[in-house]
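Feature annotations, reproduced from TrEMBL:
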- H299: active site (ACT_SITE)
- H344: active site (ACT_SITE)
- 21-48, K427, S507, R534: substrate binding site (BINDING)
- N300, E329, D331, E378: Ca(2+) 3 binding site (BINDING)
- I637, D639, N663: Ca(2+) 4 binding site (BINDING)
- D692, Y693, D694: Ca(2+) 5 binding site (BINDING)
- 12-119: domain 'PH' (DOMAIN)
- 129-164: domain 'EF-hand' (DOMAIN)
- 478-594: domain 'PI-PLC Y-box' (DOMAIN)
- 597-723: domain 'C2' (DOMAIN)
- S180: O-linked glycosylation site (CARBOHYD)
Amino acid sequence: HTGLEGDADLQFLLKGGELMKVKSSTWKKNRFFKLQEDCTTMWHESNKPFGKKQTFSIDDIDSVRKGRESEGLQKYTDAQEEDRCFSIIFKGRRKNLDLMATSAEDVQQWVSGLDKIITNTKKLNRQQTSEHWIFDEMRKADKNKDNMMDLKELKHFLRQINIQVDDSYAAVLFKECDTSNSGTLEGPEIKEFYDLLTHRQEIDVIYGKYSSTDGQMGAEDLLDFLHNEQCEQVTLEDAVKLIEKYEPDDSAKQQSHMTKDGFLMYLQQEEGSIFNPAHKEVFQDMSQPLNHYFVSSSHNTYLTGDQLKSLSSTEAYIKALMKSCRCVELDCWDGPNGEPVIYHGYTLTSKVLFKDVIKAIREYAFKTSEYPVILSLENHCTLDQQKLMAQHMRTILGSALLTAPLEDQMPTTFPSPKELKGRFIIKGQRLNKLDTVFGSSPGVEVESISEEDEAAEVNDAKIDSNGQKKKIKLNKELSDLVIYCKSVHFSGFENAKAKQAFYEMSSFKETKAANLAETAANAFIHHNMSKLSRIYPAGSRTDSSNYNPVPMWNTGCQIVALNFQTPSKEMDLNQGRFRPNGMSGYILKPDFLRQAGSAFDPVTLTDGPWLKRKVLHVMVISAQQLPKLNKEKTKSIVDPLVRVEIYGVPVDNASKETHHIDNNGFNPMWNKKFQFNLKVPDLAMVRFLVEDYDHTSHNDFIGQFSMPLTSLQNGYRHVPLLTKRGDVIPCAGLFVHIILLDP
């Protein structure tokens with residue numbers, strides 16, 4: 001296992017040991033765990049009936065957490081056992097594995113060993129991954145374990161790696177490799193067979209065109225390729241660096257040559273990716289006022305599923321924050337024993353303690369991004385429990401909690417994400433104006449205020465007998481924590497312009513926002529130049545489905561809250577929108593959504609600086625190693641097709657798809673060209689979707705990748721593919737050619 005041979009932690013994992021698995025206060029059982037020899041799978045003993053899987057793949061692990069970090073361990077173990085506990089967190093919806101070791105030293109070895117092996121598995125880049133993947137599959141197909149394969153085993157192997165060949169072709173391939181005429185393939189013949197399988201015809205063509213130095217690519221040839229095809233402003237020195245970095249053949253490297261293997265290696269790394277590597281870091285100006293950015297935002301963050309009966313969990317907050325979500329929602333209700341709880345009011349969703357959520361948020365808020373996190377409070381509590389909420393936030397969040405404006409006099413606009421790094425901002429109701437902080441006016445103190453719009457929707461009794469909105473009492477300590485995000489009711493843009501302070505913000509139900517975006521887009525854009533707007537899904541979406549965020553972004557709305565727990569096209573777009581800028585959760589809006597006097601309207605689209613007509617040429621060339629969807633059915637092989645979708649201003653929205661290819665998920669080739677004419681490229685998102693064609697019903701989702709058009713790289717590019725939940729599918733990808741031109 002590259003680079004870890006002889007490592008003490010690795011040896012410890014390979015030897016294995018007893019751990020106590022914790023499922024409840026009564027279910028705690030010792031189980032033997034060990035890393036298998038392949039270093040990619042964990043085995044554990046299990047008392048489940050025969051046939052249950054007793055292994056899990058290292059690839060399926062999201063992270064390993066030391067201590068009593070998970071909800072299970074906090075509930076079912078004692079505080080003094082802190083240093084003997086750890087959890088394995090899986091990707092997707094699989095339950096955490098909560099474990100206890102016999103000593104703190106053992107925990108340290110388990111955790112650091114697993115961390116090393118996870119990091120190492122990620123490091124095995126796509127090229128190596130596909131190599132060890134192939135050999136791993138070959139071993140699986142070798143039924144009688146004699147390191148040889150006969151024709152029957154070969155066909156089984158082909159099916160495993162998602163290729164169907166007719167018998168005559170399989171026989172031809174077999175004969176071609178069976179140089180010793182033994183009726184089986186072994187050693188070098190299997191390698192030969194592997195080469196035939198991994199041959200990339202389309203790469204041969206490109207490489208052939210540029211390999212004019214003794215049949216190889218010299219540094220000058222590579223530079224020509226980078227200039228002509230990839231449209232990159234690079235020097236000969238950059239080309240030499242790429243050769244040094246990716247060429248596996250030492251003798252070629254010494255001559256500054258790149259072999260075809262090296263070329264393929266380069267194309268599959270980040271320099272050859274469709275996503276501009278410069279945008280992986282924070283590259284935008286982060287010193288503009290906060291409301292000039294789109295903010296990655298989640299709705300009812302505590303839910304793990306639907307809005308009616310799913311579990312509420314601190315884990316859901318951790319997952320959202322680790323995906324760089326910067327605005328999370330807390331629905332607070334009176335709980336037993338005087339402790340406030342979070343859940344979806346009047347439903348059967350389970351409850352989680354307010355203070356536990358605040359602890360989880362403090363722990364995980366700034367691991368992916370150091371930029372500020374907004375805690376959006378929906379407050380249904382009585383005064384005593386509100387007071388406790390304020391105290392919990394002060395004690396748990398400490399100095400990171402913003403409790404007063406940053407300025408020493410009354411501000412007229414928001415501070416920037418840069419100035420607010422590492423801080424928590426509370427969004428909620430406030431009894432008075434912010435000016436009272438500076439003592440400039442005593443301010444009108446009221447005890448009760450109208451309920452916030454979204455909160456009011458939850459309560460049937462929102463209108464009192466006089467037809468007035470229901471009032472709720474507000475605790476002064478909680479009210480005082482609201483600085484830059486005071487919730488107010490929206491009564492029209494004119495009213496907001498005349499009476500609303502910059503820190504007073506409204507929440508809009510998706511239908512109301514969509515209506516405003518269609519009928520009064522420019523007024524909405526101007527409103528968002530000085531204030532924040534939050535959009536939330538309609539209450540009727542009890543299944544936690546999502547609405548389209550794009551029209552909201554087009555009108556400059558910053559906090560477009562989505563159900564992060566629901567895999568959906570809308571979440572794909574959200575993940576794509578916030579992929580650039582270092583996964584910071586903040587994206588600077590285009591200047592025409594920020595500059596006073598802008599006449600931009602995404603619907604009517606008059607002339608202006610936002611019109612930057614572009615023509616996007618996409619050639620979908622091929623795909624590699626698409627996963628089989630139905631692993632149980634050995635004969636199921638995918639019939640892939642690719643759809644390229646554009647989301648932006650209405651006139652730019654478009655979708656085009658290739659034909660499907662029968663029975664080949666391993667290396668399908670389309671060579672299909674598409675052209676998209678774009679008017680406002682600064683707001684356009686591109687989504688590549690791969691589906692399994694089904695003529696009788698809906699096509700099945702295989703993988704997708706979404707990103708802003710402005711982060712696209714020209715030329716021959718590999719496109720990674722993500723699962724429905726947004727995790728990378730190892731080995732799989734698309735190969736495309738991109739040209740973005742002025743018309």
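Counting begins at 1 with the first residue displayed.
Any Cβ shown, glycine's included, is placed from N, Cα and C.
Of the chain residues outside the Ca(2+) 5 site list D692, Y693, D694, V638, D639, P640, L641, H660, E691, H695, N699, D700 have their Cβ within 8 Å of the site's Cβ mean position. Comparing the Cα of D694 (Ca(2+) 5 binding site) with the Cα of every entry in E37, T41, D331, H344, E378, these being the recorded positions, the smallest distance points to T41. The Cβ of K427 has fewer other Cβ atoms within 10 Å than any other of the recorded positions H299, K427. Taking the Cα atom of each, K427 (substrate binding site) and E378 (Ca(2+) 3 binding site) are about 9 angstrom apart. Looking just at the domain 'C2' (597-723), the mean pLDDT is 93. Cα separation, H344 (active site) to I637 (Ca(2+) 4 binding site), rounded: 42 Å. Note: the CA-CA distance between K29 (substrate binding site) and N300 (Ca(2+) 3 binding site) rounds to 35 Å. Across the domain 'PI-PLC Y-box' (478-594), DSSP helix (H, G, I), strand (E, B) and coil residues number 49 helix, 23 strand, 45 coil. The Cβ neighbour count for F33 (substrate binding site), using a 10 Å radius over every protein chain in view, is 19. Within the same chain, the residues at least 6 positions away from S25 (substrate binding site) whose Cβ sits under 8 Å from its Cβ are K75, Y76, listed in sequence order.
Ranking the recorded positions T41, S180 by C-beta neighbours within 10 Å puts T41 at the top.
Between the candidate binding-site residues, E45, D692, the densest Cβ environment within 10 Å is the one around D692. With a cut-off of 8 Å between CB atoms and residues at least 6 apart in sequence, the same chain places D639, P640, L641, H660, N699 near Y693 (Ca(2+) 5 binding site), listed in sequence order. The most densely surrounded of the binding-site residues D331, D639, judged by C-beta neighbours within 10 angstroms, is D331. Other Cβ atoms within 10 Å of the Cβ of E329 (Ca(2+) 3 binding site) number 24 in total over all chains.
Checked against K21 (substrate binding site), the recorded positions S180, E329, N663, D692 differ in C-alpha distance, with E329 being the nearest.
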